[in-house]
């Protein structure tokens, strides 16, 4: 039904829930019609966000300086909640149950086309980032166990033996367990970073900048910065934090699987999930940075000693990412089939003819092969994640949800001052943030790549 024909002008933007406490047995159980309770939906949202993206957060603090990093985390953390509430309203008024469908209903088919294209690029860029992480961890483990093999050999062997064969599978339902493994690994890595921090060293409760990677460097001692040393550092950290906080892409299906998705229940899901996410990320980001200061690497595990606890973290990360990578390539391949004019007109989820199998195999080989080649040749994790996030996440997290929301509620009249702010000001803050992530983040990364300039003074 066209939005302009809906007879809802006098309905509150966020209608009130039924009377009662709002808390009952449906908070915890799987309900009828495939719906799930509040706790299960919150857990699913957490599983969709927590993951390897957090490993660059201490480095983001290193780039931005402590003060600006706190401001970034606060701003993007609040906007993460605001964007999900906008998507909740947009999904309600359009009646659509997926991110792309909501966007198409509000902004038109071309917006869906652009969003799906960006999603494909985002998934593939994330896959390259994951491969770089895996190569880093394999290289470290290789040194620990005395193998001393080049990273390109290690990542190529793993890709040929595990990633590529799984990426050729048309049904990847059995790999969905990787979200659980990813969340577990994320929490465990947080624990490992916390344990390896310089607690009770040199007569101090916490020896700032005295972490393992300090290595007592005489010529280049670690430096604690309140503010960024360069504009590149200030701008480059934005997309790294945005990448870690991205929950917009998975929220709409989770919302529509929730039993009785009244605004209070949805708000509880959004708020509780984001409090847990921000707490986890803030602990990792600031404990990691305070431990290693200007020596903080773009993969915080690279700062840690090869103790048994850290080796377990490396192995967990390698396992989780190895099984998550085929899911990323599956998404990109599906977008390629749907969008590219030279590809088949339908997604070949189960290729049957010889021609379909050839196209399926060649496209998978190309996607995996190029990603592995990039990961083998570079270890600049922050560049790949930052560029992917700046170009793609800026739209999918901030710009598109805000535009969709404004169109969806254009016919509505706000009832309170809070609704006036939510409807008339918050969307433009989101759009401005998305533009800043896109322009400043992309520009800083391209300058770094083109001129080899450091993003920090360390």
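Even glycines carry a Cβ here, placed using N, Cα and C.
Range with TrEMBL annotation transmembrane segment, chosen from 133-151, 152-170, is 152-170. TrEMBL lists transmembrane segment for one of the ranges 113-132, 213-232, namely 113-132. Only pairs six or more apart in sequence are counted, and the transmembrane segment (358-377) with the transmembrane segment (113-132) gives three or more Cβ pairs under 8 Å, enough to call it a contact. Within the same chain, residues 42, 45-46, 49-50, 54, 57-58, 60-62, 66, 69, 73, 77, 80-81, 84, 186-187, 189-190, 193-194, 196-198, 206, 208-211, 224, 244-245, 247, 300, 303 sit at least 6 positions outside the transmembrane segment (271-291) and bring their C-beta atoms closer than 8 Å to a C-beta of that stretch. Using a Cβ-Cβ cut-off under 8 Å and counting only residues 6 or more beyond its ends in the same chain, the transmembrane segment (152-170) has close neighbours at 131, 134-135, 138-139, 142, 318, 322-323, 325-326, 329-330, 348-351, 360-361, 364-365, 367-368, 372, 375-377. Taking pairs at least six residues apart, the transmembrane segment (113-132) and the transmembrane segment (383-409) share three or more Cβ pairs below 8 Å and count as touching. The transmembrane segment (383-409) and the transmembrane segment (421-447) are in contact, since at least 3 Cβ pairs between them lie under 8 Å (pairs 6 or more apart in sequence). Tertiary neighbourhood of the transmembrane segment (36-57): same-chain residues 25-30, 129-130, 133, 179-180, 182-183, 185-187, 189-190, 240-241, 243-247, 249-251, 254-255, 257-259, 265, 268-270, 272-273, 276-277, 280-281, 284-285, 288, 298-301, 317, 320-321, 324, 381-382, 385, selected by CB-CB distance under 8 Å and a gap of 6+ residues from either end.
With pairs at least 6 apart in sequence, the transmembrane segment (421-447) and the transmembrane segment (311-337) have fewer than 3 Cβ pairs within the 8 Å limit; the two do not touch.
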